[in-house]
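Annotated transmembrane segment per TrEMBL: 29-51, 63-84, 90-112, 124-144, 177-197, 209-230, 250-271, in sequence order.
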Amino acid sequence: PFGNLSDCPNGSRWIMDVFNECAQDSRDVASIVLGLGSIGCFIAAAFPQFYQACRTGIMDQALSIYFLLGWLGGDLLNLIGSFLADQLPLQVYTAIYYVLADLGMLSLYCYYRVKNAGRAFPAPINAAFVFLSVGSLSGLSLLGSASTEDPGTFKGRSLLSAPGDEPGPKPFSRTEIIGFTIGSISSVLYLCSRVPQILTNYKRKSTSGVSYSLFALVMLGNSLYGLSVLLKNPEPGQGQGDYILHHLPWLVGSLGVLALDVVISFQFLAYRKGRPGTLEERDALLREQDES
């Protein structure tokens, strides 16, 4: 039953009731707090870019469509993989929000692409967007129905061990292997998604239209997220190395992306004046206003 402390001796009652996670010491509590902080960062990250897009009206020029599609694909696979691999509840809840925020970002990109360019998307991008959008909505509905049928599926890894479990490395179940594989592909998409944006910034020699707060909050959120997973105590009888192995794709997807986000941060410093790109974009907007 939800909130049952029988499998979590000396655990925190309120954390069990609210998050259905076992927090037996300060490390577990710190993991929960850091996880909540990371969720706050990711929730707030999209809003500065929404504001920047509405203020400048050049979101379609500032952001790479492949960056957004790669981000959505990574988040969608992260959601499915974290669910199948029985990741921590905070990981699952955060992954659901990622997908919804990505769909909002893509919708805004499409709006400005149609408004500014006045032409349809290339066929491959159209097909990718439709596929990922339908896949996202289908994945959310399937996961929602699964959670309704089996509420215990979302239990954290610290609650998975039964009293009779043998100590030693915890083997991967078939479902976990599938989830681990999906999570690994998700991490690759996260890493690859940054490359088109770095190239876009380099070609424009400008970061105008891109909100640095988006990347700053994502970097902070990924750092807190990774720390929250690393601080979590392994299951009884499970070693630290085995625990990290089970969470490795999600750690790579969060901490590994930091290096590429640092590159984008340096681009913001290098192109902070943004003279060439800003003038071109301003001229394009003025021409559009004159035509209208």
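Keep in mind that glycine also has a Cβ here, set from the backbone N, Cα and C atoms.
Here the transmembrane segment (209-230) has long-range neighbours at 30-35, 37-42, 44-46, 48-49, 51-53, 56, 58-59, 61-63, 88, 90-91, 94, 197, 201, 244, 247, 250-251, 254-255, 257-258, 261-262, 264-265, 268, 281, meaning same-chain residues at least 6 beyond its ends whose C-beta is under 8 angstroms from one of its own. Most Cβ pairs under 8 Å to the transmembrane segment (63-84), among the stretches 90-112, 177-197, 250-271, belong to 177-197.
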